[in-house]
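Feature list (source: TrEMBL):
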type	residues	note
TRANSMEM	B:6-31	transmembrane segment
TRANSMEM	B:38-59	transmembrane segment
TRANSMEM	B:65-86	transmembrane segment
TRANSMEM	B:98-117	transmembrane segment
TRANSMEM	B:137-161	transmembrane segment
TRANSMEM	B:192-211	transmembrane segment
TRANSMEM	B:217-236	transmembrane segment
TRANSMEM	B:243-260	transmembrane segment
TRANSMEM	B:266-285	transmembrane segment
Amino acid sequence: MIELEDVKAWYGASQALFGVTFRVKPGELVALVGVNGAGKTTIVRVISGLVRSSGQIRLDGRDITATPAHQRFRQGDIAVVLEGRGMLPELTVIENIVIGLDGRHKDRLDEVLELFPVLRARHSERVSNLSGGEQQMVALARAIVRRPRLLILDEPSLGLAPLVVNEVYATLEKLRAQFDMTILLIEQNIAMSRKVADRLYLVRSGRIARELDATDVNALESLSQSALGIDGNR
Amino acid sequence: MTLDTALQLTIGGLVSGSLYGLVLIGILLIYRVSRVVNFAHGQIGMVAAMCAFFLVPYFGLPIAVALGLGLAVAALVSYLVDILVISRVAKIGSGFDLIATLGVMMFLTAIVELVASPKSFKFFSLGAQIEFTFLGVYFNANDLTVIVTLAVVLGLLALVLNKTGLGLSIRAVAISPEIARTTGVNVQAVRAMVWAAGGAIAGVAAILIASKVTLNAFYMAPFLVKAFVAGIVGGLDRFVRPMAIAVGLGLLESWVVYWLGADARIPAVFLLIIAVLGVLPSKYLQDLEQRP
């Protein structure tokens, strides 16, 4: 599905990624975990075409490294929920969902609003009036309405109450089953990641430091304590 | 002062204010999507008027066709300024875009001076000779055209921005180009379209202004300055407030000229702005500063 090979990235003169290589197979849910500043979000931005990079990014074997950002998303291959949910605060809920579709896929809108009934009820409200959890639903709805083959989620639990985080992850699993999507999940919350992911990659200092199977509980706990400095059960 | 005089001054002020507003619309649109203060805006409009003016005698075109072609040229020039200059300069760093638009302004001025020689011309009257009175107030068709044009342009703009996919994309780019990109919006194409539309609207303003003043390479300068005053005071990333200030400036000028004479027009405008900014609540000024 998506493969990164020897990807390097820069913010101005400052290098942020140093030869990142990994792959996500069709239908998999793979989590990238790591501490703040490890380079996880930069990987999302590189796949999205928002950051200057070298190396190769392949989607279904097709090299998309030089493809402009808007084309990667317009073709419906990729959808991303950016860190902070990527809301357009002055637009309404519906406008945030249908932006960029140019009238296409109107039939899917109803289907998506069935999944998130609260959004149907508040469809004409400015998205800035919604709670963090509701905004996360808008972000997911925007992604799902495009029926992407690859969905990228950058820290979907960030800034949300634990109960809402559980809801978001439950929704994620439901969506994965319903739409047969490949998902790349960026998380600091390793306990949550391992519940939903098939595999995990540890990102450290702009590199992929380690690959782990989500069923390898011992390795994950050891990773949580040694690499991330947290209790893996939390 | 009689009621007729008061109405006459108000109508005159509305006409001037509508012209400032028409100049300002393009400046605001371009600023919203590109975050660029376009100093070349007035001269891009002036190109439309100059083209239209010379197309009639040199190619024997009807005035309406010449005006349409003039607008198309202004749209093309504005589009080219974006894709050839602004989109490249923006990558260098902030501040260079200001220098670039100043450069384009001087370049267009020099070209027009070279081609048209440093002369002034009498533009088409566009209805100024059709005069009538209503409720004791004098009107001409040109004045009415100015007011109606502003209303039509604002109406069309509201329709496009609020009811079309392109309008939604424009609003998204204005809020966050990066997020817009991740929804499949071609930010560069949207910006270029807005620059083209801004150029055409500048052309409309410049053609109407040219029908009231003498056409030369510099006639847009005072109108551009007042449009910028309204934009800066009202906020370049807002719409209703700067437009209201633009129309208000026209009204103010009209009354100042009546009471104090024509020489007092420009000093009065700037004195009022300084006075207003001096007494405005600090919250308003903080609000202006905090906006991106």
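Placement of Cβ uses the backbone N, Cα and C atoms for every residue, glycine included.
Predicted, not measured: the structure shown is a model, and the values here were computed from it.
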Compare B:38-59, B:217-236, B:243-260 by their Cβ pairs under 8 Å to the transmembrane segment (B:6-31) and return the stretch that comes out on top.
B:243-260
Would you kindly list the residues that approach the transmembrane segment (B:65-86) from elsewhere in its chain, counting only those six or more residues past its ends and only Cβ-Cβ distances under 8 Å?
34, 36, 40, 44-45, 47-53, 55-56, 59, 97, 100-101, 103-104, 108, 188, 191-193, 195-200, 202-204, 206-207
Would you kindly list the residues that approach the transmembrane segment (B:38-59) from elsewhere in its chain, counting only those six or more residues past its ends and only Cβ-Cβ distances under 8 Å?
23, 26-27, 30-31, 65-67, 69-71, 73-74, 77-78, 81, 98, 101-102, 104-105, 108-109, 112, 115-116, 121, 123-124, 198-200, 202-207, 209-210, 215, 217, 219-221, 223-224, 227
Cβ under 8 Å to the transmembrane segment (B:217-236), counting only same-chain residues 6 or more beyond its ends: which ones?
19-21, 23-24, 27-28, 31-32, 37, 39, 41-43, 45-46, 109, 112-113, 116, 118, 205-206, 209-210, 242-246, 248-249, 266, 269-270, 273, 276-277, 287-288, 291
Mind checking which residues of the chain, 6+ beyond the ends of the transmembrane segment (B:137-161), have their Cβ under 8 Å from one of its Cβ atoms?
4, 7-8, 11-12, 14-15, 18-19, 21-22, 25, 29, 125-131, 167, 170-171, 201, 204, 208, 211-212, 243
